[in-house]
């Protein structure tokens with residue numbers, strides 16, 4: 001990755017019999033610039049194949065990482081669910097309501113790493129990337145300190161939110177066991193985004209797979225053999241996340257792939273932190289408003305009559321929806337890197353091509369997943385519980401799950417485009433209005449003022465997602481990608497200048 005090498009974003013030399021697929025990103029950019037509106041459908045198809053190969057080379061491993069990270073909590077809840085319906089409700093409310101809030105903050109803050117590091121990588125400003133990652137870690141650890149109090153006092157908080165005493169008690173036990181996990185989040189999220197921005201995704205996938213397999217074995221031992229209950233399961237979850245931090249950190253420190261982007265720890269990470277902090281806040285608000293929206297559905301469901309059944313049913317549906325979300329977040333991370341790399345490299349037309357191809361791809365995938373959910377809904381319900389009443393309640397909600405899965409094929413991808421382009425602040429306002437001013441109130445009215453119950457809450461929230469998705473589509477269609485290249489160049493230039501000034505000053 002020396003400065004003398006010709007830069008080509010991502011994997012740009014793919015072997016194919018088709019001439020177009022042998023071209024680099026700058027060559028494709030020049031082709032699109034010259035041909036413009038005269039590009040024929042035959043050539044658009046070849047361009048789509050070219051982009052799809054790049055996208056899947058990157059997103060395949062990104063999806064594995066995203067899904068396996070989520071599966072750590074998924075497997076934990078599956079094992080605790082067989083301890084009893086009350087334990088399942090407690091673990092679910094702690095995982096969704098408490099851990100989900102913390103993870104939303106950490107993941108949202110880390111999306112700023114994707115924006116700045118991705119654009120810096122595209123512009124070949126490699127030395128600034130390690131400093132950006134360290135700044136992110138500092139801010140994440142500071143946030144983790146404040147979140148610790150949320151975990152420790154989760155019982156009273158859950159009761160204040162209307163959860164029953166029994167569910168709040170079980171949830172507090174589980175949440176306190178996850179306190180070490182918060183600090184693991186604070187380090188793992190920036191490190192993974194730092195590696196993804198450099199297109200280092202296969203090693204991340206291997207590390208995540210190894211940790212997941214060990215986690216599954218340890219969780220089974222703790223819950224089924226040693227009978228350590230909820231607390232034991234939560235502590236194993238925390239341990240697994242720290243193991244993930246350890247292997248990710250060792251890779252960054254020891255791998256030759258990071259020798260130009262990670263030049264060691266530096267006090268420069270503490271300087272010039274304010275501009276990055278502002279982007280971090282916008283990123284956190286944007287993604288948190290999305291993640292908490294679904295978590296709110298679970299929490300509000302606990303306020304209905306017969307809360308244990310309602311909470312178990314919606315929690316199981318949310319776990320499947322979140323599994324699908326992790327799949328789409330893997331694609332979202334890939335498109336974020338694609339867009340940020342291409343904007344940083346000055347290829348606006350290739351960035352736009354990436355956006356179109358990934359959206360067509362995800363809509364097709366979501367359509368297939370909808371059919372699978374509807375056909376196998378009873379079997380999928382039994383994976384979590386043997387309670388006949390809960391199974392029936394879950395099966396009744398699966399049509400709504402199918403609708404949400406289809407929307408997942410569009411909304412997270414457009415959010416990934418926003419992250420790659422640095423639009424976090426704008427999307428944060430969109431999320432606030434469509435989700436919390438419109439969708440959530442409609443859901444509460446339908447859930448509590450009609451006989452629809454939890455289905456009514458979900459329908460209202462689906463309305464919010466539809467409005468948000470339509471807004472993002474309009475925003476994307478109206479984007480001037482040439483201007484976005486200029487914005488990316490200015491963002492990278494500012495970061496690089498700050499780092500160079502501090503280096504010259506001996507900081």
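Yeah, the Cβs are placed from backbone N, Cα and C, and that goes for glycine too.
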Given the ranges 36-56, 225-245, 246-266, which one is assigned the annotation transmembrane segment in Swiss-Prot?
225-245
Can you check whether Swiss-Prot puts residue 278 on the same side of the membrane as residue 478?
yes
Pick from 454-474, 475-495: which range has transmembrane segment per Swiss-Prot?
454-474
For the topological domain 'Cytoplasmic' (411-425), would you mind checking the mean pLDDT of the predicted model?
69
Residues from the same chain, set at least six apart from the ends of the topological domain 'Vacuolar' (159-170), whose C-beta lies under 8 A from its own
86-87, 89-91, 93-94, 97, 230, 299, 302-303, 307-308, 311
Counting only pairs at least 6 apart in sequence, do the transmembrane segment (426-446) and the transmembrane segment (454-474) share 3+ Cβ pairs under 8 Å?
yes
Which of 93-113, 138-158, 225-245 contacts the transmembrane segment (63-83) most, counting Cβ pairs under 8 Å
225-245
How about the transmembrane segment (171-191) with the transmembrane segment (454-474) - do they touch, taking at least 3 C-beta pairs under 8 Å (6 or more apart in sequence) as contact?
no
